[in-house]
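Listed in TrEMBL for this protein:
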type	residues	note
DOMAIN	46-163	domain 'Ig-like'
DOMAIN	165-260	domain 'Link'
DISULFID	Cys211-Cys232	disulfide bond
DOMAIN	266-355	domain 'Link'
DISULFID	Cys310-Cys331	disulfide bond
Amino acid sequence: LPLLLEATLLRLASGSHHPFYNGFYYNNIMNDKDSGEDKAVYFNGARLVVETSKDPIYSSNGANVTLPCHYYYEPDLEAKRKIRIKWSKLRDDYTKEQDVLVAIGKTSMAFGDFRGRAHLLQAGQHEATLVVSDVRLQDDGKYRCEVIDGLEDGSDVVDLRLQGIVFPYQPPHGQYRLNFHEAERTCQEQGAILATFNQLFQAWSEGLDWCNAGWLADGTVQYPIRLPRKPCGGLHLAPGIRSYGPRHRHLHRFDAFCFSSTLRGEVFYLDRPAGMTLEEAKQSCQDAGAEIARVGHLYSAWKFSGLDRCDAGWLADGSVRYPIVSPRANCGPAEPGVRSFGFPSKGRFGVFCYKER
């Protein structure tokens, strides 16, 4: 199949949404004085309006985040009403929702991974704000706040975005060896998750240029190009996200684009005068009360903690890499980045360790 240039800006524009309204109303078709226009008649005589933040809410791994939501009536209703509030997490294509929390009055219940982490903010009347503690990588995405008053309801959507980094990943056994499910598992093994399209686009806008195609969380295969060139879709295509579209999740094989956020701990470097084998490196980290760092840990430490080390070190997947914030002589290319020596079967190096706070 020929490569397609992703209509990036159009897709982002289509990602904008209008408040979702699911309320009941009757057309006033029985009115003898009908002017020919439909007239909404609400059951309680007032329109229920739900509002969330129009701007994205930014957070990071391990933090607490507040997703604002409130509701009101037009015209205002002063009497207290028994309201049902429902929060759900949307897929990128809006075809499926994951239940987050349901509340009636002061009674609420959270579901799935949100149990023990999600609750409503009790800040006053007409408040439906959601608080999520210990934010996880999988929490990134769009959330719907829905308010139900008897036979009427209204809702709006808020976008939660985690501050993070996208990195391409190729396994030790070579290029294009992962089906979708293996790519998911591989990213998790590296302290990350499969990136979404929006995360990849953000990384591209910040300078990511990578000619190998990789899986994304929605089952599509894409890659970001800043400098068009012949092996990467051709010179005639503009910069952008190249796409193979959806691929068969079991049969087709590519690399992966993983997403990691800020760390709950720290990455540090250990070395010996003669270097270490991979097994010796793992033991050295354990002796230091830590574990050998994963690829996602190293990228996050480079991006968010400014880790800059011109010494190659082992990582948990058997690769040898090093992070450079300030490029200099004998430390690789002229651009900042995480350098890779691949997966050496022999050799002695230092090691990057990771320790939870």
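All positions are counted from 1 along the displayed chain.
From the backbone N, Cα and C atoms, a Cβ is placed for every residue, glycine too.
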CA pair Cys310 (disulfide bond) / Cys211 (disulfide bond), Å rounded to integer, equals 25
Across the domain 'Link' (165-260), DSSP labelling yields 22 helix, 30 strand, 44 coil
The rounded CA-CA distance in Å from Cys211 (disulfide bond) to Cys331 (disulfide bond) is 23
Filtered by Cβ under 8 Å and at least 6 apart in sequence, the residues in the chain of Cys331 (disulfide bond) near it are Cys310, Tyr322, Ile324, Arg339
The number of other Cβ atoms within 10 Å of the Cβ of Cys232 (disulfide bond), counted over all protein chains shown, is 20
